[in-house]
Amino acid sequence: MSDPEMAWVPEPPAMTLGASRVELRVSCHGLLDRDTLTKPHPCVLLKLHSDEQWVEVERTEVLRSCSSPVFSRVLALEYFFEEKQPLQFHVFDAEDGSTSPRNDTFLGSTECTLGQIVSQTKVTKPLLLKNGKNAGKSTITIVAEEVSGTNDYVQLTFRAHKLDNKDLFSKSDPFMEIYKTNGDQSDQLVWRTEVVKNNLNPSWEPFRLSLHSLCSCDVHRPLKFLVYDYDSSGKHDFIGEFTSTFQEMQEGTANPGQEMQWDCINPKYRDKKKHYKSSGTVVLAQCTVEKVHTFLDYIMGGCQISFTVAIDFTASNGDPRSSQSLHCLSPRQPNHYLQALRAVGGICQDYDSDKRFPAFGFGARIPPNFEVSHDFAINFDPENPECEEISGVIASYRRCLPQIQLYGPTNVAPIINRVAGPAQREQSTGQATKYSVLLVLTDGVVSDMAETRTAIVRASRLPMSIIIVGVGNADFSDMRLLDGDDGTLRCPRGVPAARDIVQFVPFRDFKDASPSALAKCVLAEVPRQVVEYYASQGISPGAPRPCTPAMTPSPSP
């Protein structure tokens, strides 16, 4: 029997699936010599573009007399899928002991995004001089690795035997507390079991907590276990204690059926009683680690983000020849459709290896017969609707506008179903190789709401997410309904969505903000949706691709 007042569960860690700690390992090959007699003493400086400026965040150690260094010091960064995170790697010669690069010590640099590195696991790029030319045949290789274990969970089961009796007319009511030792040597409570009434041989309920909560992901961190006899007054009687580490707990229960036990010691009794042995024993009956896969696990395991664009060409956007039109192609300012395309697509393209994106339009009359279509290729090639990079999507959009007639209605279901087709074929593989993201840019109320709800409910069971950006000042109430944030979306027949896959954002909320703010908002949910889908299907990430640079080890610094 347990006392509910004593049952305590720590606050679970926030589900920040989009944020991970990434370590970058850097090596260079063929660095330029400063002169014919000496080789450089290279160091790599890492800068991150933040708040409109480049800020140094990390640097490697200096290696002496080495033109092809493999650095041992890792460069650590927080990774966010929904942010672009541009990086610069500057290589300089620290022969004279300088701690910052100067023109005469500069050996080359390169620029890329963190997304490009993690999606490819390993990136090799030429080093460029300040004039933009290659620094000879110099190259830099960056290898990404996620800091593992931060999302793992632990399942533990404890029981005790022959605990000291602290009650006069009945038996003890034992419970146990677990503490981890912090860096400042203070103890932090991480778990308290329930109370087992009137029992000197209690079996506590199994419990589950994150490895971070238990030991801050440090398997060698000291853990302290304290056993008490519960008292309703709050003055619980101390029975005994013992210490361990998670490493020891894992090793002691490594084999099937293997258990680990500790003597429960009361220091006061041990010091005063000559023949004192213990105040009972505590047994660890189960210690298992549950691997919780992250978004980066799937990306680094080879999962590609397949990005598709759908653009609203209904008449409610206004005549493109008018400066008031949402599709106006002004030479001075890109319209909202273009701004959203660049902001969101610029990030998604880093996660697609071939950088080719299907782009469709809906709600327009299209040549040659000028019949209304709700899923036409904006490059007018139905057999190959893909565009080369986001710049290709933008170019096709610009060429498409003068050739079509904006019409209506605003039917969204056809394009959702079109993208759902390949997603369903991907689902049948049972592997985490391709996840589809559909970006819908629209200016108004959905005309086929019932069909759209049905299409979304169907897509919620597939490896697919939908991002809707509302352009203009229309009433977007229906879009918020599709988002599902206020409750589970259902199709007209009452079938619920398997998961929330729609993210809606009105562009007007970001028209005065930076493009990165819009991208951050609309893409923030994608990592969670990716992990949710594959976890629901029991699909693990693929094995990380080999990424060790094949280079000769550097001489010792």
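A Cβ is built for glycine as well, from the same backbone N, Cα and C atoms used for every other residue.
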Residue in ASP167, ASP184, ASP297, ASP312 which Swiss-Prot records at the Ca(2+) 2 site where ASP229, ASP231, ASP237 also bind: ASP167
Region 'Linker region' range according to Swiss-Prot, out of 4-63, 244-303: 244-303
Densest Cβ neighbourhood among ASP167, ASP173, ASP231 (binding-site residues), 10 Å radius: ASP173
ASP229, ASP237 as binding-site residues, winner by CB count within 10 A: ASP229
ASP173 (Ca(2+) 1 binding site) and ASP229 (Ca(2+) 2 binding site), Cα-Cα, nearest whole angstrom: 5
Inter-residue C-alpha distance, ASP237 (Ca(2+) 2 binding site) and ASP173 (Ca(2+) 1 binding site) (nearest angstrom): 10
Neighbours of ASP167, ASP173, ASP229, ASP231 excl. site residues, C-beta within 8 Å of centre, Ca(2+) 1: LYS166, SER172, PRO174, TYR228, TYR230, HIS236, ASP237
